[in-house]
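Everything below concerns the one structure shown next.
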Amino acid sequence: MSKSNSIFPVLFCAAGIYASFLTWALVQEPLTTQVWENSHKRFQCPNVIAVVQAVAAVCVGYFYMRAKGAQRNYGAIAMVRDYAKPLALISFTQSASSPLSQYALQYVDYLTYMLAKSCKMIPVLLVHLIIYRTTISRKKSVVAVLVSIGVTIFTIGGSKGKISGSISGSNDEHFFQKASGFLLLFLSLFMDGLTNATQDKMLKNNRVQMAIQNAETQDKKQQHKVFHTLTGAHMMFALNFFVAIWNIAYLLVIDRGQICNAHAMLKKDPIIVSYLLAYALCGSLGQCFIFYTLELYGSLVLIMITVTRKMMSMLLSIIVFGKTVNATQWLGIVIVFSGITWEALDKRREKKALEAKVQKSE
């Protein structure tokens, strides 16, 4: 799919991601933190939740493919077969990232965790540059750094006076715990970067292969292999298929107790099922917007939208509920919007220059 020059598709993608994140979070909080009436404990079964989420996303992804007409041109099973190795890698890094960051919270404070997650664009850039040798313009790199700095400042500004006490223990133990936490955060961010950059690379490589194939077809050259158009809907279906497999394997081989615990709680508190299904549905609908954005604009724009979500929610609260932000947070907001505005104006300038060049050639 060609990238649109209009700003409306990216605004549509951003609005869809923000809305789905908001509803998803509203269901996630009671599902995972509430002490249920009959079980007298929280539903702490992350891999069971991940399986339900992945299965729901596979189903929604399949219907998303059919709605786009992608299933007719390139079947879901054929896509899984053709891209099994990279899909298995991406789904593994995607499945491993969240647990690593959650384990890191045992050793670092929540602010450090939030700051690390605010800089997700940087590892994506580094994976593109170092592993895949992708050429990224200096302007796009500067925008990524500006957005990361802005979100970091915004997070620090909103967390003043809210940081809990430090980890107890001797200096050596404290250093070891902090080092362990930072290592886990680094691994989590690396997994995030590898996931997003590899998804991006798969879609871009497919577009190049399709362009070459179309050129060979027009020149009537012999084709050694037939390539099919890979869409965000294909990625959503296939990745969740593998995520489900990874988590089911983990539950069956390593943590069967989680299955027994989930079964016992669902039997005592069947209302959890409705929360679980609502959580899975909201997450699946959100993934439609996420993979649509990835298909149209790539991983850097997608990460830019997701890391600025909290900031956008705060701005909405200011407009609707009259909430206030401090000077430090306003500085972060200005930096983020300066970077985004600079990129938007630069793209508009490039578009006008291209149109003028086309008119001149005619």
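In case you wondered, yes, glycine gets a Cβ from its N, Cα and C as well.
For 7-27 (among others), the entry in Swiss-Prot reads transmembrane segment.
Marked as transmembrane segment by Swiss-Prot: 45-65 (among others).
Below 8 angstroms of C-beta separation, residues 101, 104-105, 141, 144-145, 147-148, 151-152, 155-156, 159, 162-163, 181, 185, 188-190, 192-194, 196-198, 200-201, 299-300, 303-304, 306-307 of the same chain, each at least six residues beyond the ends of the transmembrane segment (111-131), sit close to that stretch. Taken from Swiss-Prot, the feature transmembrane segment applies to 111-131 (among others), supported by sequence analysis.
Annotation comment: Swiss-Prot describes 141-161 (among others) as transmembrane segment, evidence class sequence analysis.
The transmembrane segment annotation in Swiss-Prot covers 175-195 (among others). Sequence-distant contacts of the transmembrane segment (175-195) (same chain, at least 6 residues past either end, Cβ-Cβ under 8 Å): 89-90, 93-94, 96-98, 100-101, 103-108, 112-113, 116, 119-120, 122-127, 131, 167, 169.
Within the same chain, residues at least 6 positions away in sequence whose Cβ sits under 8 Å from that of ASN196 (N-linked glycosylation site) are LYS120, VAL124, VAL127, LEU294, SER299, LEU302, ILE303. According to Swiss-Prot, the N-linked glycosylation site annotation covers ASN196, on the basis of sequence analysis.
Residues or ranges marked as transmembrane segment in Swiss-Prot (evidence: sequence analysis): 234-254 (among others). Long-range contacts of the transmembrane segment (234-254) within its own chain (CB-CB distance under 8 A, at least 6 residues past either end) are made by residues 47-48, 50-51, 53-55, 57-58, 60-62, 64-65, 70, 74, 76, 79-80, 83, 87-88, 90-92, 94-95, 199, 202-203, 287-288, 290-291, 294-295.
For 271-291 (among others), the entry in Swiss-Prot reads transmembrane segment. Within its own chain, the transmembrane segment (271-291) has Cβ neighbours under 8 Å at 13, 16-17, 20-21, 23-24, 27-28, 30-31, 36, 43, 49, 52-53, 55-57, 59-61, 64, 232-233, 235-236, 240, 265, 302, 306, counting only residues six or more beyond its boundaries.
Sequence annotations record features per position, and here Swiss-Prot assigns transmembrane segment to 296-316 (among others) based on sequence analysis.
Sequence annotations record features per position, and here Swiss-Prot assigns transmembrane segment to 317-337 (among others).
Sequence-distant contacts of the transmembrane segment (45-65) (same chain, six or more residues past either end, CB-CB distance under 8 Å): 31-32, 71, 76, 95, 98-99, 102, 231, 233-234, 236-237, 240-241, 243-244, 247-248, 250-251, 255, 258-259, 261-262, 265, 276-277, 279-281, 283-285, 287-288.
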